[in-house]
């Protein structure tokens, strides 16, 4: 039996048959050969000699000493000493145990030997670890340079990687790998993440993306100025490029001049800068400047130093000071971009405050250097607006206007500050500020303020400020005060008694006050006779009281204000408020015939006292300015007037509040004539409602129409005949505008009644003796008949008017404009029934009209020969008119009296002649011939306009202040003609693309060139939007909008850029909805356009013009509400109030969108003294009834 498997063979020899009996004692898995080999190994180890073991221990101790002395110390000294002591104790203990064991017994068990072997291996591993060192650190070569480290590192399980200190550092040369085929195999060597995190690492790293800080700084930096090389002579051409300044060296050699030191430049091969550097000298200042301008973009520090140097040399350069102040914004933007990742909001706010302090210090230094510069004073106060308290800021503004009382720009900025500063804004305070401004400027104008002389053009500035005050009152709801201001000014200007004309303005106002308080009829009221007649009658003993006339007119029945009491409270308030605004915009006057008194007025705010208007009355000595006042009043009432004669406002952004500015020209039925009456985007009096609200009436209502008729009746007798013609033209265009509104509304009944009344007014105007031969009025009446659908009647009127024009031919501007409108209407009517042009040009009605104009005859039939003659006549007329254009402008400047002025001004009106010739060429030859005519005329006129007004009036820049000299009217007329020609050309191109196949690239190029010259032209922008809406890619339009808005301060292109993106978003949303046929999408997926539109809004309101534009803020709030972001829309509403607190329309929009906050908005309007026609207490009473 084999109880011990190692001795199984010996047992088998003794007992042979016991294996079968005791089979359970056999271990079949044990191999006998393995046991014998293990036993022999144990015997070998126990038979080892003592001296071998001692030598091995000595070598290990020597290795330890060498490792401590030579290798780099990995741990602290104390720890290493403790470990060595512990090792020595362990060795002594093991030796003692082994000797005692050997002495006690000679029996060696296998388990003890195995344990001893493991312990020796562990000691050997620790010795290997202690001897571990790099091959480069060994001073002497060794026979065994490599070792195996079997010591486990538990940190690898935790950190999943080796310790970075245990990884050998190396530098790879090249990216190739030995043993690999370079054509088919390769290894991608990637940089470590630690190296990627290092700032300013390898210069060969991947390029920065376009949105990185470095790329944005590169885009904002100025490009290097290109330096054109000097072209060598033909005989000196060589195959190499000369090094350095060869020309300078040659000049020095020719003149016998040498470089100063031959030791540094013995051969003369160095240029001057290198020679100076070898001498230890720098370049001269001029050379350094040249290198800076020709080299790379100058750094921020370099530009700041350049500004400081130039300002030290030229401290009186005010524009340079302003540029330096604005440059701080660029520096701050660069700094913010570099630090935007890790900065907190508080830190950014403090940094912005530091930039403002820096700008303020620069502005104060500039003001100290230039105390008389108003621009620097204004720039300083704009910076202080974000730093100072409201009381300190208002005090500083008052101090500034006290020091410069004769500066109209300073007063404009002060009024804009008081009008737009929410914390201190009230209507009464702003209205008194306007009165203080106008009374002070009147004192300067009269010469009573001896310390400050009157600057040129002061009356024009005063009239513009007066008009701005009237629009401010209208926008804040105080329409009665605005109307009273105009009534008083017309009486004060046109009906002034001769006895007070030589007095000062203050004394004239004192004489005017008794007339105003006398209760006599004023301008626009029944029985008004004027201030002059009242003064004469007072001197003769007072008025004769006329008896009460029995008027057959029935009083209007007051309709019920609350039609549906089930509507929400906010909706009812909006309806009643807008209804009262439309009906009660005239000031209330007691009717003496009915025995009324001032106590009978239900709303005391409808009465206007003289204290509210007396300080704003001004004296206008020029007849042109007096007529401008009248035209501004008609425009205030909603009548179309000639914008050239009436002069546009200096701050048109304040008056924009109507969406009609952005939607004009969309009538596809009239592509050529839809721009006859351009919309300026200003609401007329009585039209106060929400942004998308509709007019209650097409005009001014019954009372308004009577008021307008009375105004024309009292003012026309005091005007010269030609000025009366302008008033009649505005009146008939107003009637045509009302017909167009009825036509667009689709109400046929209202259109029929309005058409009858408008025709009645037009016929009455044409029957007047001064208007019977006016081709302009006949043109408007014929157009009115055409719009109403009476084409035969309109053709008869056109034919009669053409016969009245006689044989003037193309030389008459009025006749040309009449025939142009007639031919355009005929072309539009002919294009409805056919596509393309007439096969026979002689059969076209439009060609027949234009040919008869050129020939000066009224024959009904034309021939090809007559067409050739007409073309020759047009060509000669256009050439002579363009060549004499410059001379006509000079004559207009030299002679500005009476009818000669008007005759000279007619010679500048070339839109009729150019339009007739271009349309004639289009109908007889083709579109390219028409474009040639337009290019010839536009190039000549725009070049002349640029020469005459390079700085004062930028093309299309309505926001630029026009000079007050006599040439301003001429420049405005020339600019208006250039813009009208551009609109004509673009409209003709669009008409051609609609009826025939034509590439749109020509239309696009014409539009972009025209809009670059006239960025404030709303008709051109409307056509541009219609063109770009056909394309799915918006990149080209966005780039163009960005280029135009970058170079123009006008708010008009920014508004159209927003409208373009909104229209694109509507198309995308419609396409997304159409993809889901079964169920509608409650929430559309985000496509990025919303964020882009918000960005456009934010960039627009960040500009000086856009921040005070009511239309922009109202569109912004409506857009956010359409996106379902009510909280953000409410926040933008309050942000808008900080800039336009006077705009009542913004409050009404808020009531419509947030009806639950009605009480809050009403309280806010009451606090700011805006006109409130329906208090909430009265609303509750109306709802209860």
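Quick reminder: no glycine exception, Cβ is built from N, Cα and C everywhere.
It is 171-208, from the ranges 133-170, 171-208, that TrEMBL records as region 'Disordered'. Looking at 542-566, 567-591, 592-616, 617-641, the range annotated in TrEMBL as region 'Disordered' turns out to be 542-566. For the compositional bias 'Polar residues' (175-186), DSSP puts the residue distribution at 0 helix, 0 strand, 12 coil. Confidence for the coiled coil (875-947), expressed as mean pLDDT, is 83.
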